[in-house]
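**Q** One structure follows; several queries about it will come next.
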Amino acid sequence: MPCQSSDELKELVKEARPIAKQGRVADYIPALGKANPNDLSIAINYPDGRCFSAGDIERKISLQSISKVITLALVLMDRSKEYVFARVGMEPTGDPFNSIAKLETMAPSKPLNPMINAGALAVTNMIKGDSVEERFQRLLAFIRNLSGNDTIEYNEEIARSEFETAHLNRALCYFLKQHHIIEGDVEQLIDLYTKQCAIEMNCLDLSRIGLVFALDGVDPQLGKQIMPMNIARICKTFMVTCGMYNASGEFAIKIGIPAKSGVSGGIMGAVPGKFGIGIFGPALDDKGNSIAGIRLLELLSKTYNLSMF
Ligand code: GLN
């Protein structure tokens, strides 16, 4: 069933778009700096296959931090809750996503949660496989499965651009290695992580993955559980408590939808039991979240009374 352009969503996009002017496209990863700050698009996917959209939903975006929640799901399936949470915590930080501060001040020194870079790097390191290539292909296969799209790939230019400039992420890795949270080669981990963050898809794919989380791991089209229910729930809880970085509290109050953002300007939303949302709006606020994307979700949540609280 093709995705249907929706006048109601177009109206909300029109209302949300002007705030993009107050944001900025991320350019600390040079390849992301090319995005058009005024872009804004949304796709919503329902369990019965209906899909509604506004804007250019075919445009591909790299997942960036959105990938963290998907990798967490894979690693929880690969390992166990006990294994994963012995190395990464479950608490929000209140610090920026790439902060190193709490690693030093907390004892024992483990990343506070899997949504900040330190935690995500530790989680990516837990993906099973004998080589970077094998581990990456396993993650890609999982993402293709979740989205129902076999053609999903990663953007080599974005991966390379981040690999060449990821000094802070390297620093986080060395800190984690010193404290035995990770083992192995840091360059290989950065290679895997930057490829993971550069996996590309459009809003439609993103909304399909959001839908699987919304439905506790079930792919509604196949009627199949592709992720255990308890794992989907853990991921959704992290989306609520840490998914929008250090703006997660305000987001929960204003919008009340489990969501995960990335510095490319993507947001994946999972309205429990109802539908999945994919948004792209590359102008970011000072926390690194899509500024117009958040406004759009706020309008959507208010208009249709979507808060889960
Ligand atoms: N790849 C990005 C980084 O590690 C992801 C960060 C993000 O989207 N917040 O810096």
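Keep in mind that glycine also has a Cβ here, set from the backbone N, Cα and C atoms.
All TrEMBL annotations are machine predictions without curation.
Sequence annotations record features per position, and here TrEMBL assigns substrate binding site to Ser65, Asn117, Glu162, Asn169, Tyr193, Tyr245, Val263.
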**Q** What kind of secondary structure is Ser65 (substrate binding site) part of, going by DSSP in three states?
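**A** Coil, per DSSP.
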**Q** What are the sequence-distant neighbours of Val263 (substrate binding site), meaning same chain, six or more residues apart, C-beta distance under 8 angstroms?
**A** Ala26, Ile29, Leu32, Gln64, Ser65, Leu284, Gly288
**Q** Under a criterion of Cβ-Cβ distance under 8 Å and sequence separation of at least 6, what residues of the same chain contact Tyr245 (substrate binding site)?
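**A** Spatial neighbours, sequence-distant, of Tyr245 (substrate binding site): Ser65, Pro96, Phe97, Met115, Ile116, Ser261, Lys287, Gly288, Asn289.
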**Q** Residues with Cβ closer than 8 Å to the Cβ of Tyr193 (substrate binding site), same chain and 6+ apart in sequence?
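**A** Once residues fewer than 6 apart are set aside, Tyr193 (substrate binding site) is near Ala120, Leu121, Thr124, Ala166, Asn169.
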**Q** Looking at substrate and its recorded binding residues Ser65, Asn117, Glu162, Asn169, Tyr193, Tyr245, Val263, figure out the farthest C-alpha pair and report it in angstrom, whole number.
**A** 20
**Q** Should Glu162 (substrate binding site) be counted as helix, strand, or coil on the basis of DSSP?
**A** helix
**Q** For Glu162 (substrate binding site), what is the tally of other C-beta atoms lying within 10 angstroms of its C-beta?
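**A** Excluding its own Cβ, the number within 10 Å is 24.
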